[in-house]
Each structure stands twice: as C-alpha cells, then as structure tokens.
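Taking it in order: structure first as structure tokens, then the write-up.
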Amino acid sequence: MAEIKPETSHDQRLLVTTEETASARSLAGNRRLASLDIFRGLTVALMILVDDAGGDWPAIAHAPWEGCNLADFVMPFFLFIVGVSIALALKRISNKFEACKKVVFRTGKLLFWGLLLQGGFSHAPDKLTYGVDVTMMRFCGILQRIALSYLIVSLVEVFTKDSHEENLSTGRFSIFKSYYWHWILGATVLVIYLATLYGTYVPDWEFVVYDKDSILFGKIQSVSCGLRGKLSPPCNAVGYVDRLVLGINHMYHHPAWRRSKACTDDSPYEGPLRQDAPSWCHAPFEPEGVLSSISAILSTIIGVHFGHIILHLKGHLARLKHFISTGLALLTLGLTLHFTHLMPLNKQLYSFSYICVTSGAAALVFSALYSLVDILGWTKMFLPLKWIGMNAMLVYVMGAEGILAAFFNGWYYRDPRNTLINWIREHVFIRVWHSRRVGVLMYVIFAEILFWGLVTGVFHRFNIYWKL
C-alpha cells in the first residue's frame, strides 16, 4: 500500500486507505462486488425500458441498421458483466472438473431458457397461448448468445488458470502477458469474423413471406446480391451464414431494419411497410446469429480482462486508472472506425467498431459505479438496482419476457384487452400525463422497473437469488 503523505488530497486518501480491506473482502468471496450487481441490475432495467417504451420512443430502441441507440448497449453490457463474473467466480474454484461441471450446467440453463422464451414457444405477454411450430422455431436469442460466450471464455479461463502468475510483475502490460491465451482467442475470433464478413461471396437468395398482415403473404420474394464485402441489410455475410447454418425459417421474423426509411414511411417508428419497399424489408434476419455471436465473444473477453484487473491490482486508484484508460482507448478506436467509414457501428452485424464503443462505454459505466459504490460506499441509493442484479434471471424471465404480465392478462373482463395491467397503464399513467409517450415511459419506470426492484428486495430479505 502506498504511503500517505501530508499533502495527499482527501480523494487520494480515501482511495488509498480503503484499498486493502475492500480488495481483500471482495476477492476472498466474503463480500460481493456490489458495483457489479448494480451494473447487472442497471442493464436488466435498461432492457425492460427499451423493450417496453422503445415503440413510443424510437430514439432509445434498436437502431434500424447503422448507428447505436440506447437499446444497442444492453447486449454488450450483459456480455461485459458475464466476463467480469467469469474471472471472479472461477478464481474461487481450484478443481478443474468442478469448474467445468458448473460451466456446462449454467450454459445448459441459459440455452433452455433462451429456447423457451425466444424460440417462439412463449407468446407472452400479449397473447394468451403458447406453442411453436418446430419448423419455424427460432434457434438464436439473447440467452443463447450469452451461453456461447460464457461457455467458450469460461473454458479458456479454467484450462489456462495454472499458467497465470499469482503475483504479476509491475510492468504496465504484465496483465496482458499473463493472460495471453485470452487475447489469442480474441485475435482468432476477430480474424475469423473479419475474414468471413469481407471475404464471403453472397449470392442471390429467395424467401417466403410469412407475415399474415402483408399482401405478399405466402409469396416467394427474391433478393439480388452476387457480391462480397458488402455491409448492407440484404447482402451482408452475417445474414448469408445464418441462412446457410440456421435456415431462413429459423431466423428472427421482425428485424429492426423494418423501421428504416427504405421500408416504412413511419421511420424511425414501426409502421406498415411501403408498397414500393425493397423485397428484403419483408425478409427475416437474425440479430443474434452465428457469425455475429462469434464476434460477440470479444465483448466477454474484454469483461474478463476487467475481472483480472480487480483480482491482481490491489489499489482502487490503480484499478480505476486501468479501467478508465482502457475504456477511453476502446471508445476512441470504435468512434474512429465509424466516422472514418472504415467500419460503421452496427449492432445487427456486431461490428468491431460496435464492440469497441459499447465495451468502452461499459468500462466507463462500471468505473463510475465502482467509484461510487465500492470506494465511496454509496450503496443505498442504488439498492433497487442491486436487488435486481442479484436476481437478474428472475426479473429477465418474469419481467423482461413478460411471463408475470401474461399471467395477469389471463384474467380479463369480457374482452382480452380489458386487463388490470392495461387499465393501470391507461388510467393511472397515460391519462394522468395526457400523453401516451410520457405515460408509457412513466409506467415502465415505476410500474415495472421499480416494481421489480421492490420484489427482488423482498427476495433479498429472505436470501433468495436467481441470477442470470
């Protein structure tokens, strides 16, 4: 620990004098890293916000194609948090077999819930039915992507743990050298992604329109491509790989590109497709597909790196310097790639610039929460987010995926639209604010996010936890 000199500022004294006790407790497992729980809770809350209010506030919904809105930060934040958790959790398990068993079990759990909730079986919360035609079942989704990244990065962490130095040297780049296998994996992933993205020839393709509201329902549509290295919606290699590997019927049938100006006059809102819209506007596209999920592994590797920083750098000030400098470097690189048009920000393709910008943002948000919570001790002001983060899987399944709302919607008065939830949203929020947009936003914040904060607070009181 650094020596405290008389001229040291108050902030510096706070950082230095608390570093040993806080570091020892957090890393020994006697005390959870509160900032990570709060970050996880914040990300779940953001997911609920953009999912349920994004239709009325398109500026926070997913960007139709290029660009990066608030919703586009949710997935990378989850993967970053998973990476940090991998480093902290697997450090405590010395037996490789036990560690692998835990990793495989958790991966299976994520896959199960992903297929059940996003594969098409669950129609919650609006439709009071369930079931899916397996020939149209969606294979990919949020939890499936998290499962893939978690499995691969965790196995690398487990099987290379013995090669890590317990006490790193004082060199600036020593932590990178100690965990070189992770960066070899990251470089391999990036090379595979870029080579496939820019080197794959994308031929012309066809699809059948399954949208029953479309005048083209049941008709075959063709898309002309015949080129390589294109990043446009219809002719990119990401979609081509998914059509080959997954099959076009097993992809997402309501992609965000339907809100683009080429597809609808209501852009950026979702609306009916234009009669002269290009054929690809009617086509499915998988935003959590095969190639983009391979690229997404990089977000988790960056998160693991931040977990390693927590484990090996003992001082809060040293950690924050590394956190912030790495975050700013990633942001700078990503924005440079975007604004020089070398590689645009694109969540649907999970482009390298998008990885850099979102991971850099995750690093800075985590740095701020780490400073406020784990250093300054301002935990109470974030308690609802902390409780949500400690029960993230519960809130994701019951809240974000609408299972609890579907249960309440099953009790209606004469008409399925006359439900308690719809009545509360309409009469308690929208009519009070005399604005649908503001009313919906207030409903999501207070009747959904704050509600789940209180519910998980009760769960926390009885030591019940169901994490993502």
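Here the Cβ of each residue, glycine as well, is placed from N, Cα and C on the backbone.
Listed in TrEMBL:
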type	residues	note
DOMAIN	32-157	domain 'Heparan-alpha-glucosaminide N-acetyltransferase catalytic'
TRANSMEM	70-91	transmembrane segment
TRANSMEM	103-122	transmembrane segment
TRANSMEM	142-159	transmembrane segment
TRANSMEM	180-201	transmembrane segment
TRANSMEM	290-311	transmembrane segment
TRANSMEM	349-373	transmembrane segment
TRANSMEM	394-413	transmembrane segment
TRANSMEM	440-459	transmembrane segment
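Counted over residue pairs separated by six or more positions, the transmembrane segment (70-91) shares fewer than 3 Cβ pairs under 8 angstroms with the transmembrane segment (180-201), which leaves the two as not touching. With a cut-off of 8 Å on Cβ pairs spaced 6 or more residues apart, the transmembrane segment (142-159) and the transmembrane segment (290-311) reach 3 or more such pairs and are scored as touching. Summed and averaged per residue, pLDDT over the domain 'Heparan-alpha-glucosaminide N-acetyltransferase catalytic' (32-157) gives 93.
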